[in-house]
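**Q** For reference, the structure I am asking about is given below.
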Ligand SMILES: C[S@@+](CC[C@H](N)C(=O)[O-])C[C@H]1O[C@@H](n2cnc3c(N)ncnc32)[C@H](O)[C@@H]1O
């Protein structure tokens, strides 16, 4: 992971082609808008498909990180883009027709249903979740990167009062550390690293301090990969990512109209397991659009090494399931 401010969206053509049938039918939500890379491609596609003037407020970008959304806002300015900072300040429903084609809103995707209700933007015909970290978040002051020294923060939402990575490390037991490194990072040296971090925890204030502690027990040739795994595991814990993902996937499935699609890009096995669990639970009402996950090809990985661990899965909500519940459905493929 290099310290860069450019975020290149992953598997962008596949995302657009899977969500193309949803554009213009209802609202499409990018639940992890980040720097707006996927939203930009979806907005471009929508311009081709839908007559000018009928495109209003059909794309919603949600992100928990207000800083990432500021990058998205400037990237998307050509399409007309409104940034709503605080969902609490939205009087419901916003007169969406008065607003621009893209709305960005700072929120946890767990609360997707509340966003939709407050904005008055149903039905929802597509949801995208591109998990993990945006390159914009790799700035040293955010504490996600082991390649530059900075405060050990790692919160996606820096305005929240939730504990930082440093505070979490201070309180963690050896067993906590061990299970985080095993479960969230498949770290083979989890035992040795946990003991070392536990012993030094009071002195770990910055990303550089944590790197120095790990360096003591890991040989140089394995250091970079190990640090990437340790930082990933801590980030997942700090942001409660796995529980959020479970709730976010459920919220997305519940919100989708019949025929609506959910596209998820995972970067590690824990995230992928959540998707599979969700699919098993909702099997009767979902059609799997990707029997095998889709991976980036060699050219994409060469151009954007961050894409190497990406795998994409997608489902469509079937009409039958909705029909059983509501006896009424609205989806028509155009
Ligand atoms: C890989 S980035 C998305 C990049 C984006 N697709 C693009 O093309 O620029 C993942 C984003 O998900 C956001 N995120 C993580 N957990 C979230 C949550 N619970 N709710 C909303 N956004 C979240 C992060 O802040 C980050 O910006």
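Each residue, glycine too, has its Cβ placed from N, Cα and C.
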**Q** Starting from the S-adenosyl-L-methionine binding annotation in TrEMBL that includes 36, 37, 38, 109, 130, 137, which of 63, 176 is the extra site residue?
**A** 63
**Q** Widest Cα span across the S-adenosyl-L-methionine binders 36, 37, 38, 63, 109, 130, 137, in Å?
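**A** The widest Cα-Cα gap among those binding residues is 18 Å.
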**Q** Around residue 130 (S-adenosyl-L-methionine binding site), how many other CB atoms lie within 10 A of its CB?
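**A** For residue 130 (S-adenosyl-L-methionine binding site), the 10 Å Cβ neighbour count is 24.
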**Q** Name, in the order they occur in the sequence, the residues of the same chain whose CB lies under 8 A from the CB of residue 137 (S-adenosyl-L-methionine binding site) and which sit 6 or more residues away.
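**A** Non-local contacts for residue 137 (S-adenosyl-L-methionine binding site): 65, 67, 68, 144, 156.
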**Q** Please report the number of other Cβ atoms within 10 Å of the Cβ of residue 37 (S-adenosyl-L-methionine binding site).
**A** 24
**Q** For residue 36 (S-adenosyl-L-methionine binding site), what is the secondary structure state per DSSP, taken as helix, strand or coil?
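**A** Looking at the DSSP assignment, residue 36 (S-adenosyl-L-methionine binding site) belongs to neither helix nor strand, so coil.
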**Q** Using Cβ atoms only, which residues of the same chain lie under 8 Å from residue 36 (S-adenosyl-L-methionine binding site) while being at least 6 residues apart in sequence?
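**A** Listed in sequence order, they are 61, 69, 71, 72, 73, 75, 76, 104.
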**Q** Restricting to the chain of residue 109 (S-adenosyl-L-methionine binding site) and a gap of 6 or more, list residues whose Cβ falls under 8 Å of its Cβ, or answer none.
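**A** Listed in sequence order, they are 31, 32, 62, 64, 129, 244, 248, 251, 252.
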